[in-house]
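A.B. asks: Here it is, the structure, as structure tokens.
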Amino acid sequence: MAHTNESVVSEFVLLGLSNSWELQLFFFAIFSLVYVTSVLGNIMIIVIISSDSHLNSPMYFLLSNLSFIDICQSNFATPKMLVDFLVEHKTISFEGCMAQIFLLHSFVGSEMMLLVAMAYDRFIAIWKPLHYSTIMNRRLCIIFVFISWAVGILHSVSHLAFTVDLPFCGPNEVDSFFCDLPLVIELACMDIYEMEIMTLTNSGLISLGCFLALIISYTIILITVRRRSSSGSSKALSTLTAHITVVILFFGPCIYFYIWPFSRLSVDKFLSVFYTVCTPLLNPIIYSLRNEDVKSAMRKLRNRHVNSWKN
């Protein structure tokens, strides 16, 4: 990813979350715990789903792929942020900065589309329960996962194609702990109004589009469940609360950042922490602690290992 001859910036300075050494050490301890818990928790979900035949269903197949995306999202910027808490000069190369932008939008775009696929799965489970296994077959689930990654990567490439050719001639300070697209394009030595409009259109539309699709599907599901009292509908509804919680906590900060990209507040970088560092922790907490099937599978896996150790 080479930048134009007009760019003289070879690296960016990340201002991080705070200038206080004591506060940085505190953040290092807290976010290290969040990072390790997030990665191990999502790995645990994938292992549990793959090892338990009772979880061999479309919903859990999509959930394991969501956990994989969250593992990727946990690693695109958080390890560097943790290292930067312990060093005085927080810098990142131009290529590294562009890579962070690409990875963030790839993972976030993929997760948005996968959440829509999971909502469709719940919609079919309640709307057409007798045809659920026929409609939501493994082939369709694989197609959903492929489309999610394809949309995420194309969404990211469309951003990066314009960003890498921007002229950066200073200043080179990014007021965050990673290279966030709106903050980076602000540093370009040119009028960036058109770039901001493109960012708004690209990220804003995909965020709002997926969010509205999810809200509509969940509304239809809730209306349908109120008219029915079957056990299948009740079981499908039991996972709905977890899905809605993830959607609200995930889409809230994303929509905030990319619907209003023109003004920045000091609190914005802390919201960035939420959707880049804390969001990947949502899956292990919400889906494991609120889902009886997953908790049952966890107990069986634990008992299996305990018995194997005893023998």
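We number each residue from 1, going along the chain as drawn.
Cβ atoms here come from the backbone N, Cα and C positions, even for glycine.
Those TrEMBL annotations? Automatic predictions, nothing curated.
In case it's useful when we look at the structure, here is the feature table from TrEMBL:
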- 25-48: transmembrane segment (TRANSMEM)
- 41-287: domain 'G-protein coupled receptors family 1 profile' (DOMAIN)
- 60-78: transmembrane segment (TRANSMEM)
- 98-120: transmembrane segment (TRANSMEM)
- 140-162: transmembrane segment (TRANSMEM)
- 205-225: transmembrane segment (TRANSMEM)
- 237-259: transmembrane segment (TRANSMEM)
- 271-289: transmembrane segment (TRANSMEM)
A.B. asks: In the same chain, who gets a Cβ under 8 Å from the transmembrane segment (140-162) while lying at least 6 residues past its ends?
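C.D. replies: Contacts with the transmembrane segment (140-162): 1, 58, 61-62, 65, 69, 98, 101-114, 117, 120, 181, 195, 198-199, 202-203, 206.
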A.B. asks: Tell me, what is the mean pLDDT of the domain 'G-protein coupled receptors family 1 profile' (41-287)?
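C.D. replies: When the pLDDT values over the domain 'G-protein coupled receptors family 1 profile' (41-287) are averaged, the result is 85.
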